[in-house]
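Participant: Here you go, one structure.
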Amino acid sequence: MSTGSGAATFVDRYPEEASIVRQAFFVAFVAFGLGALFGVIQALHRTDILRFIPSTDYYTVLTAHGVLLVIVFTIFFLVGLFQWAITRSFDRPVEDIRITKAWLALMSVGSVVTGVTILLGFVDEVGISADVLFTFYAPLQAHPLFYAGLAVFLVGTWIAGADWFRSWLAWNAEHPDDRIPLQAFVVLTTMLMWYIATIGVAVAVLFFLLPWSLGLIETVNPLLTRTLFWFFGHPVVYFWLMPAYLLWYTVLPKIAGGRLFSDPLARVVFVLFLLLSTPVGIHHQYLDPGIAESFKFIAMTNTMFLLLPSLLTAFTVVASVEHGARQRGGTGLFGWLRALPWRDPAFTGMMLAGLMFAAGGFSGMINAGMNINYLVHNTLWVPGHFHLTVGTAVALTMMAGTYWLWPQLTNRRLYSRPIGLLQVVVWFGGMALMSNAMHVSGLYGIPRRTAEPQYQGFDFSTAFGSVAELNVQLAIGGTLLFVSALLFLANLAFSWGNPTTSGLGQTLPPALSGPDDSPRVLDNMRLWAAIALVLVALAYALPLGAIVADSGLFGPGGDAYPVTVVLNSVAVTAERLTASVGATLADVGGVLEVIR
Amino acid sequence: MNEGMVSADDGATHGDLERSVSAPPDQADVDRTLSHEEFDPKGTLALILVYFAILVGMWVFMYFVEFLGNGLTVVG
Ligand code: HEM
Ligand SMILES: [Cu+2]
């Protein structure tokens, strides 16, 4: 039995860095709480169970939900976690804490500016709004502050990455013969991917959308800015996922009582993500007119290759957990599962998150197939899918990881482990309901991004159950998720009231098969970055060239939907357009696609 | 759950009622230590095969529900 005289905690050794991590997490969790509130409002509104807001405000809510959760929550958690991982695994303080504080401040200021601009959409008198959803496709137009905040936020993340590369260089100078520690390896490969990915969104925002919303240029080419968005939009999903993977690879084995099965395999996985996650973005545009089928086909092929690192991850992570179970005395083909620490919320949370990710893998394969995608495109199936992936695999792992990290960052115990356990289980149950209802609704053609998906004179036909039942299921699921979010935040808030204790420190065990079993070339960041750039150029040069050749850098002209000036909600616009095209369901899907 | 499992002692200092730290501080108290050579992840293999079986089942299901029930989708 352990004695309780644990190692020093992270905050004991690196108080300044720990404070940075806590601040980043704080911003993340504020965004998470607000995002969850908007989520439950949507779930109740679109199912017509309870409507707190006028439907014309739905897009303000939906924009806030998307941006706060997938930009602010996930990425602030990421930078906090990565700062912890870099400092911990290099075992050295940041080179210059002022720089570290500066990027966190830039990211925070940018997020507040963008966030406030979105929320001002609720206050008609101000005349400022940004109801453009987190994808901000033209011709939807936001107030310039929306894009400006985003740009400042991005610059903050770039400096963060540079800060971590600087730590690596400094460490490397002192340890020229050592392999990069795995946690730092994850951070560095992920940030390389981020630099490449953000080229797309930075160009879209700085050269087109921001000048356009400032009135400096008349028009933009919507297909070009969309394509640039998805250049960024697919790798960003791996950006969300990598913090979860970092926790699964380096913390989960420890909590399970075992060791990482293979460090070399882990490195291969992260290199594959760096190489493959960008040249696939066009798989989000299977239904975009103006992109040749052949380019879509290439994107599909690349996407299928991306399954490989995720399958390798499933194997490595489960094997590491099994190692823990067997060390704890577990036996049998499946019996070892019972020897795992299921009462530990950090463990159970991460395992449930992984289970949901496996389910998300299936719906992801459906999305990725060019022809099957037609069936589900822009239906509620799609949010059903990504609430399994980013909404659970990532978000629930982050919450579970917080339960483990909390004492390391604060020297305080968690207020209640049983409440933590309840929280992760309720999230899982709520998501099982909500996501299932969304998937099934989507199969029946119920659209996403719609405040009132009920069309007069049209019945959504269902094979089993009824739309009313699906709606109730969705609403109950959404409510449970909201309750779970509150439990999480309350548990942390109460934990802050706990007295500080010593001896809470934990160490992470080395991998069973260590880094020395792998070729050194895996650590060659320059090489991988160069190959990644070449692959991106191969995948994107022709499609982008074709788009510009077809309709120019600034498009064929056409009106913006200046939701900033006329408070003409997209829902109303959609209805108008729908009426003029003839309201068959297929048309609705098509129109939403065009105006989106 | 027998003695020596992580949940039985999670590194809390002695005498505390609320055990609120995940996992023990180190792995000194595992039942046995398994090296890379001694450990054969056959349970993992079994789980992954189960997952594949489910995937294949879902694909077949999808084929019947979505394609046999609907008209053709023409690409291009
Ligand atoms: C309290 C928990 C949550 C609830 C009740 C909830 C509910 C919903 C609902 C009902 C929609 C669909 C709205 C529509 O298309 O009309 C939606 C969209 C979305 N959710 Fe959630 N959600 C929750 C948590 C999350 C989390 C944790 C994430 C990511 C970390 C997330 C990311 C998104 C995104 C990106 C969209 C799409 C926004 C768009 O279409 O622009 N949600 N959510
Ligand atoms: Cu994608």
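Including glycine, each Cβ sits where the backbone N, Cα and C put it.
Worth saying up front: this structure is predicted, and the values here are computed from it rather than measured.
So TrEMBL has the following annotated:
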type	residues	note
DOMAIN	A:25-522	domain 'Cytochrome oxidase subunit I profile'
TRANSMEM	A:24-44	transmembrane segment
TRANSMEM	A:103-123	transmembrane segment
TRANSMEM	A:143-165	transmembrane segment
TRANSMEM	A:185-209	transmembrane segment
TRANSMEM	A:229-252	transmembrane segment
TRANSMEM	A:264-284	transmembrane segment
TRANSMEM	A:304-325	transmembrane segment
TRANSMEM	A:346-366	transmembrane segment
TRANSMEM	A:386-406	transmembrane segment
TRANSMEM	A:418-438	transmembrane segment
TRANSMEM	A:474-494	transmembrane segment
TRANSMEM	A:527-549	transmembrane segment
Participant: Any residues 6+ beyond the ends of the transmembrane segment (A:418-438) with a Cβ under 8 Å from its own?
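Facilitator: Hits for the transmembrane segment (A:418-438): 43, 343-346, 348-349, 352, 355-356, 359, 380-381, 383-385, 387-388, 391-392, 395-396, 399-400, 403, 470-471, 473-474, 476-481, 483-485, 487-488, 490-491.
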Participant: Quick one: do the transmembrane segment (A:527-549) and the transmembrane segment (A:185-209) have at least 3 Cβ pairs under 8 Å, skipping pairs fewer than 6 apart in sequence?
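Facilitator: Yes, these stretches are in contact.
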Participant: On the 0 to 100 pLDDT scale, where does the domain 'Cytochrome oxidase subunit I profile' (A:25-522) sit on average?
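Facilitator: Averaged over the domain 'Cytochrome oxidase subunit I profile' (A:25-522), per-residue pLDDT gives 94.
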Participant: Cβ under 8 Å to the transmembrane segment (A:103-123), counting only same-chain residues 6 or more beyond its ends: which ones?
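Facilitator: Same-chain residues near the transmembrane segment (A:103-123) but 6 or more away: 20, 23-24, 27, 31, 57, 59-60, 63-64, 67-68, 71-72, 75-76, 79, 129-131, 142-143, 145-146, 148-157, 159-160, 163, 563.
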Participant: Please indicate, using numbers and ranges, the residues of the same chain that are 6 or more beyond the transmembrane segment (A:24-44) and have a C-beta under 8 Å from a C-beta there.
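Facilitator: Beyond its ends, the transmembrane segment (A:24-44) has Cβ neighbours at 50-53, 58, 61-62, 64-65, 68-69, 72-74, 76-77, 79-80, 83, 104, 107-108, 111, 115, 395, 398, 402, 409, 434, 474-475, 477-479, 481-482, 485-486, 489, 492.
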